[in-house]
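J.: Before we start, here is the structure in question, set down as structure tokens.
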Amino acid sequence: MADPQKTIARLRAEIAEHDRLYYKEAQPKIDDQAYDRLKAELAQLEAANPEFDFGAAPSPTQSVGDDRLEAFESYRHRKPMLSLDNTYSSAELIEFGQRLLKRFPEQALTYLVEPKIDGVAVSLSYEDGALVRAVSRGNGIEGDDITSNVRGIRGLPDKIQGAPTVLEVRGEIYMRHQEFERINAARAAEGQALYANPRNLAAGTIKLLDPAEARSRQLDIVLYGIGACEPGNYFSTQSEIQQKLKEWQFPVLEKYWLADDIESAWKCIEELDTLRQNFAYPTDGAVVKLNDFAQQEEAGYTSKAPRWAIAYKFEAERAETLLKEISLQIGRTGAVTPVAILEPVQLAGTTVSRATLHNEDEIQRKDIRPGDTVLVQKAGEIIPQVLSVNLAKRPADSQPFIFGEHLKALGIEAERDPTQAVWRIVSKDDPIRQQRALEHFASRACMDIENLGSAVVEQLVKRGMVQTQADLYTLTEAQLLELDKFAEKSAQNLIAALEASKQRELWQLIHGLGIPHVGKQSAKDLEANFDSLEAIASATEEQLEAVDGIGSIMAQSIHAWFADSDNQSLIQQLKAHGLNFESARQAQADGVLAGKTVVLTGALPTLTRDEATKMIEAAGGRTSSSVSKKTDYVLAGEAAGSKYAKAEKLGIAILDEDEFKQLVG
Ligand code: IVH
């Protein structure tokens with residue numbers, strides 16, 4: 001038999017490392033269930049061998065973990081933030097209830113059953129009704145000051161009416177599935193590592209040092225508890241807390257249940273399991289709490305958790321299925337991402353036919369091969385994952401998946417990025433890469449070129465009509481008529497759409513260029529800090545990094561992109577085609593109407609008032625409703641009345657629509 005002392009020491013070290021990865025790095029290596037199993041194993045050994053005490057550092061079974069980071073200031077909670085004992089077994093849940101019944105033999109026990117939100121615990125301090133600080137759980141006693149990243153979370157009140165003088169409100173910061181998918185999709189397109197689930201992404205976001213970057217990701221919050229409260233005696237039950245939080249207009253739990261015994265509590269948990277898919281927040285279990293505070297106090301606490309509450313966690317849904325093939329997908333920067341194509345299988349209420357494989361290293365680590373029977377999991381994460389291979393079912397003739405060889409077999413010429421686990425197509429002549437780059441350029445979030453979908457792009461590249469983004473602007477109607485399904489009308493529409501795209505905002509162009517690591521928000525940050533594309537192109541790495549929201553990796557990437565001679569010539573050609581290179585701010589400052597005031601009067605023949613106002617503002621001018629000596633122009637249409645007369649009297653320039661259009665170009 002293994003030496004229990006050694007096993008205890010090994011498990012303690014192992015769990016401590018998993019705690020660090022989960023709480024401090026927000027990048028756990030194992031899922032919750034595997035982690036909870038390790039912890040249960042350790043707790044059992046410790047209980048059977050009480051002589052191996054905790055020494056200097058407490059065992060991870062006796063503490064709540066620690067999320068504190070060097071870069072943050074720490075604050076002490078007025079009341080400690082504890083953890084919860086958890087179980088995956090309904091029998092253990094019932095035992096929890098039976099223990100409490102023994103303690104309170106003559107009393108009726110009412111439980112509150114709440115969803116357990118899979119997010120990041122936070123404690124909000126309100127003083128005289130105003131939010132003064134948000135603190136992470138930390139080690140339960142003191143946590144990190146994350147106020148600047150928490151303020152402004154949607155729905156979180158800055159002020160509350162009729163609150164006690166001092167109030168700690170507790171809850172969970174989380175990320176909605178949709179936002180999680182949006183960010184991961186953007187990261188996949190950049191060839192960056194994906195976040196495994198919304199909880200990790202929320203945890204990573206809340207600890208970003210740059211509040212602007214944090215703001216570019218949408219976090220949400222839900223509150224369910226109270227820490228300190230002065231004056232006290234505000235609440236006598238858990239359900240009163242729920243009501244009061246709602247009254248104070250905090251975002252609260254979508255549903256909770258009162259149960260008169262532990263068996264009914266279990267029924268509520270079963271109901272929760274059927275409802276939770278429709279909740280806004282990721283729900284990984286239920287928390288069952290004694291409702292009455294007097295009973296809570298009497299039940300008391302262990303060093304890390306209350307004895308009056310327990311978390312029941314739902315098993316992640318897993319299923320075995322056949323991995324038919326590993327398909328390699330190419331993103332806009334040429335990054336190659338492996339995807340498992342699966343024999344469709346039912347998981348967590350959806351049919352799963354694809355799963356992420358992250359990158360070459362992940363495939364190697366798990367030795368995943370086409371033809372394998374794999375265990376697929378869909379838990380808090382929306383993207384299904386391949387957990388492991390069932391080796392007993394591996395075909396005899398199975399071969400390891402060699403990433404590089406598969407690329408070769410597909411005729412894809414890619415190289416592995418020395419700084420990341422990602423393979424990238426390096427050649428700019430590669431038609432697939434060209435196609436992805438053009439699709440991205442034309443997409444909504446970039447140049448928004450209508451009628452230029454992937455089918456059209458594919459034809460343009462295959463026929464050699466277009467290689468780079470600049471080539472799009474040389475297309476003629478006659479050329480387009482050669483394409484499948486193109487008639488005169490569709491050709492004209494595409495030419496018009498291309499023409500219109502020349503006036504897009506600068507950030508749309510920056511985003512569309514497909515510079516590695518530069519997404520929509522970074523493109524906006526760049527536009528906000530530079531006057532033109534040329535200014536960005538000639539900026540030093542230091543200047544780029546000085547921009548709020550641009551980190552060193554991005555700065556390096558932008559600088560390298562503009563230093564490339566092919567990219568330089570692309571930029572010159574785009575300029576020659578007349579694309580807008582100026583930031584909105586600079587365009588206004590340079591505009592013909594910069595500093596000028598224009599008064600609109602009468603009905604214009606073609607422009608609406610809104611359109612005219614937008615054009616005036618784009619040219620740097622402002623509009624005013626009355627004519628005075630300070631008016632520079634009057635834009636007059638049909639039936640212009642007294643304003644027209646007044647302008648004539650004051651000798652102010654009067655323009656009709658044509659003259660106005662000529663003026664603003
Ligand atoms: S009550 C002393 N209620 O789960 C009791 N916790 O695994 C403290 N959690 O630290 C917590 N949903 O961050 C409570 N409805 C809920 C919860 C909840 C999620 C988190 C919380 C806690 C952790 C324990």
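Each residue, glycine too, has its Cβ placed from N, Cα and C.
OK, TrEMBL features for this one:
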ACT_SITE  K116  active site, N6-AMP-lysine intermediate
BINDING   D32, Q33, A34, Y35, D36, S83, L84, E114, R137, E172, K289, K313  NAD(+) binding site
DOMAIN    588-665  domain 'BRCT'
J.: Which recorded positions out of D36, K116, K289 lie by ligand 1, going by a Cβ under 6 Å?
T.: K116
J.: What count of other C-beta atoms do you get within 10 angstroms of the C-beta of D36 (NAD(+) binding site), across all chains shown?
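T.: The Cβ of D36 (NAD(+) binding site) has 15 Cβ neighbours within 10 Å.
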J.: What's the CA-CA gap between D36 (NAD(+) binding site) and the residue listed as 'active site, N6-AMP-lysine intermediate' in angstrom, rounded?
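T.: Checking the Cα atoms of D36 (NAD(+) binding site) and the residue listed as 'active site, N6-AMP-lysine intermediate' gives a distance of 16 Å.
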J.: In whole Å, how far does the CA atom of K289 (NAD(+) binding site) lie from that of K116 (active site, N6-AMP-lysine intermediate)?
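T.: K116 (active site, N6-AMP-lysine intermediate) has its Cα 11 Å from the Cα of K289 (NAD(+) binding site).
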J.: For K116 (active site, N6-AMP-lysine intermediate), which of the three DSSP-derived states applies: helix, strand, or coil?
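T.: In the DSSP reduction, K116 (active site, N6-AMP-lysine intermediate) maps to strand.
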J.: For each of the binding-site residues (A34, L84), count the other CB atoms lying within 10 A of its CB, then report the residue with the highest count.
T.: L84
J.: Relative to the Cα of the residue listed as 'active site, N6-AMP-lysine intermediate', which of the binding-site residues D32, A34, L84, R137 has the closest Cα?
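T.: Looking at Cα distances from the residue listed as 'active site, N6-AMP-lysine intermediate', the smallest one goes to L84.
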J.: Rounded to a whole number, what is the top Cα to Cα distance in Å among the residues the record ties to NAD(+), namely D32, Q33, A34, Y35, D36, S83, L84, E114, R137, E172, K289, K313?
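T.: That value is 25 Å for the farthest Cα pair.
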J.: Within 10 Å of the Cβ of the residue listed as 'active site, N6-AMP-lysine intermediate', how many other Cβ atoms can you find? Include all protein chains, please.
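T.: That number is 25.
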J.: Under a criterion of Cβ-Cβ distance under 8 Å and sequence separation of at least 6, what residues of the same chain contact R137 (NAD(+) binding site)?
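T.: Spatial neighbours, sequence-distant, of R137 (NAD(+) binding site): V64, G65, D67, M81, V120, A121, V122, S123, G143.
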J.: Taking the Cβ of D32 (NAD(+) binding site) as the centre, count every other Cβ atom within 10 Å, in any protein chain shown.
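T.: Here the count is 21.
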